[in-house]
Amino acid sequence: MTTTVNRAMFDDVMVPNYNPAQVIPVKGEGSRLWDQAGKEYVDFAGGIAVNCLGHCHPAMVKALTEQGNKLWHLSNVYTNEPAIRLAKKLVDATFADRVYFANSGAEANEAALKLARRWAMEQHGEHKQQIIAFKKGFHGRTFFTVTVGGQPAYSDGFGPKPGGIEHVAYNDLSALKEMMSDKTCAVMMEPLQGEGGVISPDADFVKGVRELCDEHNALLIFDEVQTGFGRTGSLYAYEQLGVTPDILASAKSLGGGFPIGAMLTTKEIAAHLKPGTHGSTYGGNALACAVAEAVFDVVNTEEVLAGVRKREAMFKETLQKINDRYNVFGDIRGQGMLLGAELNSTYEGKARDFMMAGIEAGVMVLVAGPSVIRFTPSLVIPEADVQEGLKRFEQAVANIAG
Ligand SMILES: *Cc1c(COP(=O)(O)O)cnc(C)c1O
């Protein structure tokens, strides 16, 4: 017997930590979605920067069904072929020599932070514990990662927080310099802040952070959970910044919609996570790794990465035209398929209203904080869908500001 479900039931059976939209999507294909009533939407949200190849991409469906008929899970008592193949591809394509698999962005960051502490403890001693991160940064919701994240509202109210964590303003190199010492174990940052409002780093800032880390023997951890896997137009954002981190966390687009996270690092640093020091039952799951390998093969091509940069230009140009007509944005920014339109003072705090008006008009967008509308569509969204989605978005803007 199947039960028909609706949005009202959500409130009866779910923990109330989310407040999802009234519509329930039931089917997706490429960058289009359909809800229970059959209404169709253009998807500019992409499952929050996750569905990098859209919905049900044939290469992913093939990998999932093939692996699904072969082998799902073994645990870490055994390794599996897809995990080794994916790790090899990640190592060959990046600065890293070693990979640890997890199931989410928070878990990849948690592993990065624990590794940094181990490294510092064993390499330099107990005094080297300080983790510095940035205000408005977001690193996940485990208690360690959410405390490292730069929004205290997310970590308050759960009792004693993990210690040794400090925050300074993003793009404020002198504040960081002031804070750093030989007690600094690691600096963790997003190479472009996503959840915090789609905020790009100044070019000199990132280079300066790297230099300060070198000066104080501290590790530089890049949280590329949102920026990684083609999102900004290169496989990882660090490639375009001319700065190489010591540890990198990847998730979201990595699985294209299948839960997986990865922490990448060098051979020397990795050596500090010896057998028994850290782990995960599902990490390196064969199904997840098979899907991520298929995503990698599509994303890590010049065709797709160049396509991301082309779509960025299309979005920015059209959003500018919408703004010329309705005067709603104070800034249009971001990189690749991680874009933000900040509302001007007239519409401050109203980003959620635009998101809801978008749903009415048949286009799904996101917010990044109260005043920024965020766009994180598929990296391969057809140009016709970009145009149709932006037409619908303009309708949503007109409904609020027209
Ligand atoms: C989404 C996100 C995370 C958390 O990832 P989860 O898979 O939700 O745990 C961490 N860091 C950044 C930069 C993110 O955007």
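Count begins at 1; order follows the chain as displayed.
Cβ atoms here come from the backbone N, Cα and C positions, even for glycine.
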One of Phe138, Phe315, Phe329 listed by TrEMBL as binding pyridoxal 5'-phosphate at the site of Gly105, Ala106, Asp223, Glu224, Val225, Gln226, Thr281: Phe138
Sparsest Cβ surroundings (other CB atoms within 10 Å) among the recorded positions Arg141, Lys252: Arg141
From Gly105, Ala106, Glu224, Val225, Gln226, the binding-site residues whose CA lies within 10 Å of that of Arg141 (N(2)-acetyl-L-ornithine binding site): Gly105, Ala106
Sequence-ordered binding-site residues from Phe138, Ser280, Thr281 with Cβ under 6 Å of an atom of ligand 1: Phe138
Three-state secondary structure, which DSSP defines for Ser280 (N(2)-acetyl-L-ornithine binding site): coil
Binding-site residues: Ala106, Val225 - member with fewest neighbouring CB atoms within 10 Å: Ala106
